[in-house]
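Engineer: Here it is, the structure in full.
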Amino acid sequence: MANIAESAVLVSSASSAQAVAKLTQVRGPTSGFDKAQHIIGSYSTMGFQATNYGLARSIAQRMIRKQPPSKVYQIKDGKYVLVPPDVGEDGKTLQQEHVYPNLFMGVTANLMGTGCREAVRFLVQEGVVHRSLEASAPASADGTDDQLMFARLKREYVETYGGPPHPDEEIPRAHSFLCAIVVSGGGVEHDLRRACTAYTLHHYASEAQGHVSSTVSSEATAPPKGLQQRAEKPLGTRAAAGTAKPARFGNVEYPRQGSTGSELFDCLMRTFVQRLCARQARLRAAAMAKPIPDKYDDVCSWSVTPSEVWALCGLWLVDMLAEALGAVRSCTSRLTSGSAVGTAESVTANGKGPEADRDAHIATSASYRAEALARARTTVVYWAALQQVSLFSPSFVDGDITSYLLPTPAPAARPAHRKGGPVADENAGNSKELKRSRKASSSSSTSATAVKVKPPVVERLQVDLVRDVYSINKLAMLSKKTGMLICGGGVVKHHVCNANLMRNGADFTIILSNGQEFDGSDAGAKPEEALSWGKVRMEGAFVKVYGEVSTYLPLLLAEVFVPAVRQRRATDDAQPRRKRSSRGARPPQDVSGHSHLCRGE
């Protein structure tokens, strides 16, 4: 017994001591406290979420480098077995071609209303993989669905409008960092609205009115005068037109639909919706004119997917903004000069009205094209169309576009006399003065709202969500290496992870979220749970940074992606005639001459 106890207690700990010695010691910076980059560079050894961020930074750096493709597994006798690499005729293992991973990004809609929108736009606009600028061939039939979609939409644009969709823009010299973006409903609408009007910073609803950051002026945080006056009015009084309370999420506010400040966005969205419905009517008529096929096809050929909707928006954006700017400015000028009578009926959502007004809008839209281009270049959807990056939106109907697609209900008629309400004055003079005052207040409210656009009559839009699910799943399955950058949670996280499940998981995963796993929701789940589902590969690198996305995403951008772009540009300047690389070992070509499937040389 003594020998048994001695052998159980007196165990050699040499191996454990060696393992402990290899662990990273916790330490922070001891100098250079005036250099932010030095402080952030030491996050990896500081502990807690600083260490997780340091790991996310290292994973992001690996995401944008060339490396061997993912390992391939197959099920044999109920177990996953690693498929050995191909062997040549001489019996030697063939060298695998290194590729750049395809990066899938998930972004929740609220982030597009913050400064994270500019970070997402940078990731779409810039990249490190050079684009082939040689003469291009048409898209091949074995290309990915997004390649074929953009090629088809560009041909359709040329046939409809007689020119290329982006005549004012040069083709980017590099492919986008991203191959696909998944955004929740309302995200693209935030992107478009911010190109039309400014979002402002205010205090949180749970905070006192004066409790704001020192970076936000007190004037910006104070509610508008119209809101102050309305708050002073007794309950039940009617607010003046154009003083609708701004929409708010967190400490960010923006003009509500139909209110002052939202005229350009409203006109833009109505123009967009009318174009979508007109296009669908053309496609439907063309489909009905074709003979009935022998083989039944259960895919509606004239329907539209959410990714197709936002691709069309990116292709049409400059034209629509120029048209909307012309309509809004001309209507505003007529209101200012006092020569407008019935402006709500004379200007429709897409500038169509009386023939004279229509010709005037067409003539003036060209003069607004420079401003429209400048506004469009600030958006994610514009650069996504230019870089041929699909914007998937599985919760499409949650966005603001639905309110422009559905018919607007007419307001209920107000009764002349209500029980307990004011009694009509029998004095005719007082009645005339009352009418005069109402007319004056109506005139002032009309000038305050600047533009009242008559909602167009639109048909129902046939939307197909299943085709988008198939497209993103196919894109992940054909990718030789993938990474996931998920900002937030919910439907965008599930959609990106589920697509990578179809290829036995992503190789690199970064999740930025403050969601917790304790309620069992997908939004707060850790990467380890995704590993159990097969959404993250067994040999993959993954990390979850617990924190608010607007804190960590700009840091990740500044430390990883911006330096990579600077290095690529420096290389381009030093070697202007350097041979450009294209994506993929077997690259299907699109109309711009580059492959989009997998990046490699």
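Cβ coordinates come from backbone N, Cα and C, glycine included.
Since this is a predicted model, take the numbers as computed values, not measurements.
According to Swiss-Prot, the record shows the following:
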BINDING   A109, N110, L111, M112, G113, S184, G185, G186, D398, G489, N514, G515, E548, V549  NAD(+) binding site
BINDING   E189, H190, H494, G520, S521, D522, E529, A530, L531, S532, W533, G534, K535  spermidine binding site
REGION    210-242  region 'Disordered'
COMPBIAS  211-220  compositional bias 'Polar residues'
REGION    411-451  region 'Disordered'
COMPBIAS  440-451  compositional bias 'Low complexity'
ACT_SITE  K535  active site, nucleophile
REGION    568-601  region 'Disordered'
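Each of the listed features needs to be described in terms of its position in the shown structure.
Structural biologist: Spatially close to E548 (NAD(+) binding site) yet at least six residues away along the chain are N514, judged by Cβ distances under 8 angstroms.
Under the DSSP three-state reduction, K535 (spermidine binding site) is assigned to coil, being neither helix nor strand.
Sequence-distant neighbours of K535 (spermidine binding site) (same chain, 6+ residues apart, CB-CB distance under 8 A): C497, N498, N500, L501, G505, A506.
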Engineer: What is the Cβ neighbour count of L531 (spermidine binding site) at a 10 Å cut-off, with all protein chains included?
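Structural biologist: Other Cβ atoms within 10 Å of L531 (spermidine binding site): 16.
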Engineer: The record lists A109, N110, L111, M112, G113, S184, G185, G186, D398, G489, N514, G515, E548, V549 as binding NAD(+). What's the largest Cα to Cα distance among them, in Å, rounded to a whole number?
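Structural biologist: Looking at A109, N110, L111, M112, G113, S184, G185, G186, D398, G489, N514, G515, E548, V549 as a set, their Cα atoms extend up to 23 Å apart.
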Engineer: Let me check the 10 A CB neighbour count of H494 (spermidine binding site). How many other CB atoms are there?
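Structural biologist: Around H494 (spermidine binding site), other Cβ atoms within 10 Å: 19.
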